Amino acid sequence: MVKKRGTNLPAQDFLDAEPVCKHLRKALDDGSVKRALVNVEWTMCQDCQADNKEKNNSEDESAEDPSVWLCLKCGHRGCGRNSVAQHALNHYNTPRSEPHCLVLNVDMWSAWCYLCDNEVPYNRTSRLGQLVDYLQRKAKAKNKNSNSVVSNEEVKTEIVTENEVKKIQYQDEKPDVQAKQEKASSTQKISTEPTVKGLSNLGNTCFFNAVMQNLSQTPALSELLNEVKTFRKPVTVLLPDSSSPKILEVNLEQQPGPLTLAMWQFLTEMHETKKGVVTPKELFSQVCKKAIRFKGYQQQDSQELLRYLLDGMRGEEIQRVTLAMSKSLQSTLDEEEIKKIVKDYEKRRTIPNFVDCLFGGELTSTIMCEECHTVSLVHEPFLDLSLPVLDDLIVKKNSKSTPPARERKEEEEEEENDDDRYVKERDEVSPGASKHLQKKAKKAAKKQAKNQRRQQKWQGKTVLFTDLAKQECSEDEEEVSQTKTNTRPDNETPTADGLNTMETDLSTLENGNEESADGLNTMETDLSTLENGNEEMAGGFKTMEMDLSTLENGSETIKSAVEGITEHTDLDSSVHNNVGSVETNALVGNMENNNNIEVNKTPERTAGSGGDSMEAMAAVENGNADAVNVDDTEAVNGLIDSANMDHELTNSLNRLQLSSDLEPTQVEIEILPDKEQPHTQVYEVVNEDPKTAFSTLSNRKDLPIDEFSVLSCLYQFTHKETLTGNNKLLCNVCTRKQASRLNNSNKGEKKFVYTNAKKQMLVSNPSPILTLHLKRFQQNGFNLRKINRHIKFPEVLDLAPFCTAKCKNVPEGESRLLYSLYGVIEHSGSMRSGHYTAFVKLRHPNQQLCKMLFTGVIPEVSGSEPGQGSWYHISDSHVQAVSLSRVLSSQAYLLFYERML
């Protein structure tokens, strides 16, 4: 047999055989690109360069263009989408016979297809990869031949230092040894002092650059990454055990993950390079591999990038530690036990890693039951705190209050228009018709609609009643003696869902003179005995249960026999869930002397119910159609149409057996089966005084809270809540108490008790680096909006009013927990199109904080003043010194605070 080609090809060969982009063959021309790049400046947009020559612009403005995209069809060099001119995009949009959709980023060496609107992957063996390799070699050779370009800032600093040295030399013609030492120390300070550098924009990557600027000014992160890179010391892992905790020392033999190494390389380059602008292409590519959503050079969110970056490095470090743990435990435990232990550590977040050590903190949610006053705790880790902006709460209140009013209005309109579904609109009525004819037509249409709805309703209910009657009726009990029932209290309410009983208030009828009683509020039938003589029926508002007997036919008069009325009876639960409410205004009397039946018209009559329809039905069945006196002939037609349905309903109701088994219970317990246990969070019940359960590290009442400030956002985030209604607490203590009181009738079922409770979330373990996220981007209904209001934030933040009284990593007796601001990320513009910039504080590293991270020892006395430093505003590659007031007036989106020790 002959082998098929491509069956044993490696993965890279498959990529060559099946290219991802279908436009690759037509949009790639090697010869044209190589000819176009002879003796040209690759890092400059050729259109911008031509415009600058015409306009005589400065070189600084042209240098701000972050990225250059090379057309792989003709070799055109244009600026990217994030620039103002967008020459590369305009070059693609120019109509041509062949597509110029494939471009290459000269800084990052990534290919992009405009038609696919996606990145084009390639390898070295492919045609595109060979061209990229050729261009990279040409770029390196050109850089070696050309002189090293020094940034403008470094040139300025070198000129300043040379002038200062010359001044010192000319001032002192005979310098002594001390002057030489001072000059040497000054030059060393200039060289060792931390600097601020710009970052190249790789294509709408300002969100990435702003985060990287703040992380580069976090000295503790660089120290921890250096420790991770060298892995000198073994990692100690605490093995929690009920009997005796053990300490396991793990030697990390494996190298850190690719994202961690890229982060270490980026921070090293930021601190040690002499360039004024750094290109973080390797780090950004590793982030895109971890999170595909950041591919494509689209506008993204800085807070999401920070979370993905930290979570990615944390996952790599945890994986490295768990592999070392499994190797060290192989000699004593089985593989299955090791897997269980590792999973348990991951759930408890007890595996040490540098991300949790620096950015990680802990929130504690305290919940107290208002019935038994049991205090329970829930611990939740955090890497940053997302704080709601106060303006968002007002919008939520308005959005919550408006829909119910609209719904009520719509329901009222539906109820009003329900009777007019079959009525023509006013505009359709001819203007020549008289008002009397219009009213008559509307009345006729309404009555016809009522009759149709009546038939539809009783068709469903008749079938339902017949099915229930077959289940509930007993064959032995055919006749039940007449009894009177006692009245039910007004406040008694049925317990079954959907229970609608039927009441009728019957007034006395003497010698054919009938009087209808008004004001019937209940819906149960109160039927008294009907005799053949001139007897009055018992009237009044007596609520009685109904078991209707059959209506006898064959005589001219109606003989109503009411049988089977029992005392204090309710409908069975199977009937309660299905029977609809039926209002009846029955007019029943002694009809021996009167053969005529008058049906009084009522304004609104419920379909298929009432003595009117029953009497008219009986008269029609007996052949006395003339005895029915009505004003409208259409009403008679409606009664004739519904006569059969009413008769079937009456026969079905006769077979209903009424029971009084249900009683309203006072125990507020929701019984759920074992399979439907509510998904609740596990709480740790603690023995704590309810009076001090919600106490904080310092008093919250004396806070100078402004309406729109970070303090107000923190106060709103940690305020005390009351859990009521659907948010009630599932209290295990109350459940056990209630279960002990109940009888053992419901075996095999668990009973859960929900009670009102109080809840408050506070910080129980502060993080060394506190990151605050202000939720400016909100979703209001189907629209997205940004809150542009200025939120005040302090330079020194005291977190003690928002921490628990038993807060960890705080010295005893300390009532302050101070943080110093060192970084801000600002978002300007709207949600659709905006720009991220960074404010960073250039300062010396906090040695006390680094000591606490490595040793775990907390100094007894913390600092009260922030360290000295200078602030800079960085927008991609542009760096500018600013004042503190400019920083505090910015529209902050992310705030970076460092703990003061």
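Cβ from N, Cα, C; glycine included.
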Further binder of Zn(2+) 2 named by Swiss-Prot next to C45, C48, H87, taken from the candidates C74, C79: C79
Three-state secondary structure, which DSSP defines for H91 (Zn(2+) 3 binding site): helix
C71, C74, H91, H100 excluded, remaining Cβ within 8 Å of their centroid (Zn(2+) 3): L72, K73, G75, H76, G78, Y92, V103
Within the predicted model, mean pLDDT of the domain 'USP' (197-900): 69
Cα separation, H835 (active site, proton acceptor) to H91 (Zn(2+) 3 binding site) (Å, whole number): 25
Among H91, H100, H835, the one of these recorded positions whose Cβ has the fewest neighbouring Cβ atoms within 10 Å: H835
Residue among recorded positions C71, H100, H835 with Cα closest to the Cα of C206 (active site, nucleophile): H835
In three-state DSSP terms, the structure that H100 (Zn(2+) 3 binding site) belongs to: coil
Structural state of C74 (Zn(2+) 3 binding site), classified by DSSP into three states: coil
Using Cα positions only, nearest of the binding-site residues to H835 (active site, proton acceptor) (C71, C74, H100): C71
